[in-house]
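Engineer: Below is the structure I would like to discuss, written out as structure tokens.
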């Protein structure tokens, strides 16, 4: 229970992990489907072993905010709605839906043939039980409940008809409903209690794979669900999954994980370090697929309440002092490019192309701004000082600082700014530091297939003290109004316009400094076919099949 | 007191000029290298002009060249600059840990030898417990209790070295205590503290001084090992062990990032051991004669 609670409280596992995780690279192959037009006929059976870099702290997607939870539970839990790799929304467990009350109610008509792994039927009551579980206080939801925004309640309208109600129109809901965080579990399994759900042993969904044996610190096994007949429309396959079984191994060390692939101990790996991409691409036994991750790009959120960054001139100096274009090119060797706006170009309803090229690297401007802000002195190590105090900004990091962060640290040093990276392997420690506001800058990214991802970073109510991610400590009434307007606006075009305005304001004020656009990539053996990357660039296993050895 | 009683301890602590005549070329070479390494540690700016923390990602993994003799690492930092600046951390940790271990071992060993059978039994069982654990494991435990950093690394290495040395001191002190000159001193009515300080201590220390240089070499490599395991000094400190950890992921991109700090570490430990062994052997000869 305790460990589970700790992980729930901890924002870091997902945020900081995201930073490490998403600092992965791609090779030149096209996004989305990576496998070649298969000369060999697909076959059923076989097993696949996949090496993942992060192990979830809590396995309950309704509770955890970790992206690894969403990934490892995707094979087990289906959702009402499916978001295709291109970002379009299509029916899944819900065969259709319509909105009512001016966007304040969503009525889903459910499929009638869906059976959970425990044999029970998926119906309106089951869906209601799931939403009740997500919003229950005892679940201590770190993310799923937040995805529901102004949620009011769920009403069962008939055996296979259910309505989800909101206090105001809430457009991002359908996309939210497509994530694993709002995945539909068997109602009986939800009664097991948070400890069991977080432990990952009681996961019962309706997905193409059933949860199998889980050994903490090592791996989780999955077995094919022989009854599966309800894949989303866009799947290139029907009926049960092709793989007999699936194993996800947790190998946190980059070198070990990649080594496991090259030595044929695993069939596929995630999170390939940038410097390994070239080596893997040259290996004829391997294939790499990659995809730009939508959502909030990797960015630095500057704490506007901390002493150096309360001065907008210091924030703007930070924004202009780092040559992100060159750094990204050098560190990621072409895999991830620099970001100009907070939302990634692949984000549905959100990208702000107008920001590209604005506020470029300008060391002289940065120096002038720091001079004007009074940071005119220099100490023995070359850092700027004011009244004898060094210009130091504290950046908490969960785990170890990435190569990119170290390079940014070097770039800031040249500008006279000391980026004090405080590393900690203790998620709770980092989380406490964040909730107490003992930081000046937080570097993070957040994958999501909708521009609404910005509300969790910029809404004044998203206080880090209560599990929110308003790391810049903003309380800007204008931003709040625009963020809510973007949630309410009924047309995609309108929403995009609002997100563009929001990003422009945030960048003008330099409260957040976009760094690079993360790319998700997976390398796999050429024996593996049909491996597709989801909207969030995680591999999907439903269609995958493997050749005989 | 007569020179005869004080002499051996004094003399063995600084080998006389007579020892130099028997130096082999290898030892001279090691001594020269050691001098260079000490100069690295004291005046790194004499050898490199750059800042070890200066990054230049555009020129990452540049192989050794006229511009970068040891090449550059994953962040484009100059490996030579970092290796030279890293010397002081390794040497300081090694020297400080050895010094702490020697002082602790002296007090520990003398107390065991002189404070009676009960104290002896307790102190030596404690030493047994320490010695039963592998040195590295012991060091890990010390670091778990303290926090990561230069201080805890030094303490950890010292904790791994001290118990063994304490036994040596005790054994020697037991011998010295029964020697003629101590018996005479006691018979002549010299007060006990004075006997311990002036007669037992200097003579019980001689084997410790022989062991010290060897211990210094082990301490340097133990400190680097702890940093390599991520328990000692933390990146971006240009300590040799830390540099080795950082570079292990990039062996395929740039072997030089690991090779040069590794070579420096190996050469330094070898040189310390060679010179120390020579000096120590000489000292031992004096003691026995």
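Here the Cβ of each residue, glycine as well, is placed from N, Cα and C on the backbone.
Bear in mind that TrEMBL entries carry predicted annotations, made automatically and left uncurated.
Just lifted these from TrEMBL, have a look:
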REGION    B:1-21  region 'Disordered'
TRANSMEM  B:26-47  transmembrane segment
DOMAIN    B:87-276  domain 'ABC transmembrane type-1'
TRANSMEM  B:89-115  transmembrane segment
TRANSMEM  B:122-144  transmembrane segment
TRANSMEM  B:208-233  transmembrane segment
TRANSMEM  B:253-276  transmembrane segment
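Relative to the rest of the structure, where do these features sit?
Structural biologist: Outside the transmembrane segment (B:26-47), and at least 6 residues removed from its termini, the chain residues within Cβ reach (under 8 Å) are 84-85, 87-88, 91-92, 264, 267-268, 270-272, 274-275, 278.
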Engineer: Do any residues of this chain, six or more beyond the ends of the transmembrane segment (B:89-115), have a C-beta under 8 angstroms from a C-beta of it, and if so which?
Structural biologist: 37-38, 41, 123-124, 127, 150, 153-155, 157-159, 161-174, 177, 196, 200-201, 204-205, 208, 212, 215-217, 219-220, 222-224, 232-233, 237-241, 265, 268, 272
Engineer: Any residues 6+ beyond the ends of the transmembrane segment (B:208-233) with a Cβ under 8 Å from its own?
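Structural biologist: For the transmembrane segment (B:208-233), the list is 12-13, 89-91, 93-95, 97-98, 101-102, 105-106, 135-136, 139-140, 143, 148-150, 153-154, 156-158, 160-161, 165, 168-169, 172, 239-242, 244-245, 265, 268-270, 272-273, 275-277, 279-281, 283-284, 287.
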Engineer: By Cβ distance under 8 Å, which residues at least 6 away from the ends of the transmembrane segment (B:122-144) in the same chain are close to it?
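Structural biologist: Sequence-distant neighbours of the transmembrane segment (B:122-144): 108, 111-112, 115, 152-153, 155-157, 159-164, 166-167, 170, 222, 225-226, 229, 231-232.
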